[in-house]
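Listed in Swiss-Prot:
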- 4-24: transmembrane segment (TRANSMEM)
- 44-64: transmembrane segment (TRANSMEM)
- 78-98: transmembrane segment (TRANSMEM)
- 120-140: transmembrane segment (TRANSMEM)
- 165-185: transmembrane segment (TRANSMEM)
- 194-214: transmembrane segment (TRANSMEM)
- 255-275: transmembrane segment (TRANSMEM)
- 279-299: transmembrane segment (TRANSMEM)
- 312-332: transmembrane segment (TRANSMEM)
Amino acid sequence: MSDFAFFALEALIKCIIIIAIFASLAGLATYAERKVLAYFQRRIGPDMVGPFGLIQLVADMIKLFTKEDIIPSNSQKFIFAIAPLISAICAFVSLAAIPMLPEFTLFGRVIQPIVADINVALLFVIGTSGLCFYAVFLGGLASNNKWSILGAARGLVAIISYESVGALALIAIVMLVGSFSLVDINNYQSDGFFSWLIFKQPLAFVLFIIALFIETNRTPLCLTENDAEIVAGYGTEYSGLRWGMFFIGEYASMIAGAILVTLLFLGGFNSFWIIPGWIMMIVKSSFIFFWYFWARAAFPQLRPDQVMKMCYLILIPLAVLNLLITALAVLL
């Protein structure tokens, strides 16, 4: 087999594995979230279908995929139909440039656990994951429903504002490392616990986490949907499989965000003491992923004006200040 054929086959297998694993993890994450929220609220959560309620995932999937797929008669039907697909595709494409685990050897060949090791991987991931929200915006706009349009518009204002916060936080990381490659950023933190970038850029870490909550539409910073204000927001008119694709795209983006935080700030997949790197990657990413659930259970939903004031009056000035301090540190 030629090198090109092997490369193409390897990339195809990696893509299939990523889609299969992360689609499954997205479903498992819904079960985990329901259990965590139940614990916070002194409830039991899913426990009737299968051991510990685990088969509830299958029951929910069957219910979701067999529901009637309704397209409103007054909607922009083509855009309404493809928006969920765009959301899911963008979420999975962003995973292509994220190194998941340390490299390993298989049948005498070194395998990189990444589909595309590009030198601007950070830009690629931020760009493609950001497109997920524009699919949400298109879906809300095409629904021709006042709640959907209002949710999409609120979310668009927030994402444009908070992407600036996230970008400024990441520029500080790039200035320190000198590369947009996620592999290079991971290797920069390979000298032990105190080489993790969270110790050099604690403010950038906090800013990026906040921006990530906006990017993934998570409470307490979710403006696209709110039962008390705009019903289900952009998803008000969606049902069945199309709603499920938005759902899968959202949770895949959450998983990608947790992995990205681990790579950027928490030492990535470098080994720690006697703990292998792949175990460290899973543990740290799971810990960050848990924050989504904890924040939803612990904090109330903020009003849109509070979210925007926090962005422009607090977070952007802090991000600019952090960038200036980092620039001075690099120059000196």
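Backbone N, Cα and C atoms are what each Cβ position is placed from, and that goes for glycine too.
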Stretch of maximal Cβ-Cβ contact with the transmembrane segment (255-275) [cut-off: under 8 Å; candidates 44-64, 165-185, 194-214, 312-332]: 194-214
The transmembrane segment (194-214) and the transmembrane segment (312-332) contact flag, 3+ Cβ pairs under 8 angstroms: yes
Recorded stretch, among 4-24, 44-64, 165-185, 279-299, maximising Cβ pairs under 8 Å relative to the transmembrane segment (312-332): 165-185
Distant-in-sequence neighbours of the transmembrane segment (44-64), which means Cβ under 8 A and at least six residues beyond its ends: 27-28, 30-31, 34-35, 37-38, 240-241, 243-244
